[in-house]
Amino acid sequence: MATAAVHPWSGYCAATGAFRSKRAEVPLPADRDLDVVTFLASRRHSGVVALVDASTGRRTTFAELWRAVAGAATALAAPPFGLRKGHVALILSPNSVHFPVAALAAMSLGAVVTTANPLNTAGVVATHRNLISMVQIVMNRFRLEDSDTTETFLCTVPMFHVYGLVAFATGLLGCGATIVVLSKFELPEMLRCISAYGVTYLPLVPPILVAMVAHPKPLPLGNLRKVLSGGAPLSKELIEGFREKYPQVEILQGYGLTESTAIGASTDSAEESRRYGTAGLLSPNTEAKIVDPETGEALPVNRTGELWIRGPYVMKGYFNNTEATQSTVTPDGWLKTGDLCYIDEDGYLFVVDRLKELIKYKGYQVPPAELEALLLTHPEVSDVAVIPFPDRDVGQFPMAYVVRKKGSNLSAQEVMEFVAKQVAPYKKVRKVAFVTDIPKNASGKILRKDLIKLATSKL
C-alpha cells in the first residue's frame, strides 16, 4: 500500500487532512502495562539529588526518594486507608517535597490521582501509558542524561496543576534533574533560590515573566540559562522585552492542556522561539488537525479552526462523565481541544484563542486575544483582558479591562481610539474599565468569567 505524502516543511498530509510532528518519534516501552512509577524508578540516577526543600535546604537523593515512595505506598495500602487499584486519591497540598512522594506512592498502587475535586465533571483521568509517554517527551526535550552535569530546575508553578504535576512530579524525575521546590511563589524568594542553589532552568507561567520584565532594573539571575513558559501564550512584546533585559537567558515556551497530559507543542531552541507568537512544533508522536467548527472540514496550512490532536498522551476520559468524554474525544482518538489555532507552512502551531471565548458581534467573530495583544503594545498599558459585553442590538461587543502603568492617566477614550485606528470596525473596543490587576488562574490564564460577572453585575 502506498503511503500518503506528507509535506516536508509543514508536516501536512492532504490525503488525510492531518499534520504530522516534524520531531523525531520517541519510542515507548514495549510493555503497555508498565506503570509510570516502575518506569521512573528504573532510572536510578545514583548519587544525584532529586529534590531540595527551598526553605530549609534539605536534600533528597533519588535513592532516598524511591525509598520514601515505597514506604508511603505501604502505609497507604494498609488500614485505615486501604488504597488500591481503582480508588481515587485526592491530593490537597501546597507545593512541597512531599507532594511527588504522595502522588507517586498512590500511582504505584494503581489509584487514580487527581488534584481536583473528583466530583467535578472536568476531572481528567490519565493512564500510566499517558504519563510514561509524556515523561519520554520531557526526557527527549531536555536530554539531560547526555550531559556530564546535573541541571537544577526551580519549581515555581503549583504541582496541583497539570503543568507542575507532569514536570516536577514525573517528567523531570525521569531526566535525573535536581528540583528545588518553592512552597509559595514570591519574587525575592525566587531570586534567592536561583542564587543559592545554582538554578539553571526556570519553568514558570506568564505572570512571573511579566513581573521580571516590568522590574525597573534587570534582576540578578546567576547561572540561569533557560526560562520555560507555559499555561498561556506569550506576546511578541513580552518576549522582546525579556530578551532585551535578560539577553543571557533563552526563553522557550510550550502549549498543552490537562486532557493531553500537558505538552502538545513546544519551542525547544532560541531559534524556534524567534518565530513570535508560536507555541512551537508539535510534540513527538503527535498528529494534529485544524477543523472548521461549523463544517467539520479538515483545513490546510495557515487556515484557522479548532485544533484536534492525537497521540499516546491523550487522556482516557473525564472522571465519571461518559457524555463529556464522548463529546471531547472521537472514537478514533482525536482530542478536540476547544482552541482556535492554525499551523503555518513550516509546521509551527499558533494559538489564536479559545473557541468558546470568541466575541460574537453582528455575526462576526472577534478573538479577545488579538485585541489583548494589540493593547499590550500601548506604552501606558501594563496588562489587559478583553471580554464579550452583552448588547441587545449587536449581540456582544468587545470590552477591555485595562491595568495602567504607574503614573499613567490614560483615558477610556484614548484606549478605544488606539484600537479603532488599527482594526476593522467590528473589532473595535466599545467599553473600557480600569482595574489594578487582571484575575488569572495558577497557570496564568485570564479568568474571563470573573470579569464578565463583574461587568454584567449592574445590568
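Cβ atoms are placed via backbone N, Cα and C, with glycine included.
What you see is a predicted model, and the numbers here were worked out from it, not measured in a lab.
The domain 'AMP-dependent synthetase/ligase' feature in TrEMBL is assigned to 43-122 (among others).
Each residue in the domain 'AMP-dependent synthetase/ligase' (123-319) has a pLDDT score, and their mean in this model is 91. Residues or ranges marked as domain 'AMP-dependent synthetase/ligase' by TrEMBL: 123-319 (among others).
According to TrEMBL, the feature domain 'AMP-binding enzyme C-terminal' maps to 370-445.
Per TrEMBL, the feature transmembrane segment maps to 160-182 (among others).
According to TrEMBL, the feature transmembrane segment maps to 194-214 (among others).
Residues 52, 54, 57, 142, 151-157, 163, 167, 177-178, 180, 185, 187, 220-232, 234, 238, 241-242, 245-246, 251, 382-383, 440, 442-444 of the same chain sit 6 or more residues outside the transmembrane segment (194-214) yet have a Cβ under 8 Å from a Cβ within it. Non-local neighbours of the transmembrane segment (160-182) in the same chain are 36, 39-40, 43, 45, 48-54, 62, 65, 91, 93, 95-97, 99-100, 103-104, 115-116, 124, 131, 134-139, 142, 144-145, 150-154, 189-190, 193, 197, 199, 201, 203, 205, 230-231, 256-258, 261-263, 442-443; each lies 6+ residues outside the stretch with a CB under 8 Å from one of its CB atoms. According to DSSP, the secondary structure content of the domain 'AMP-dependent synthetase/ligase' (43-122) in residues is 27 helix, 14 strand, 39 coil.
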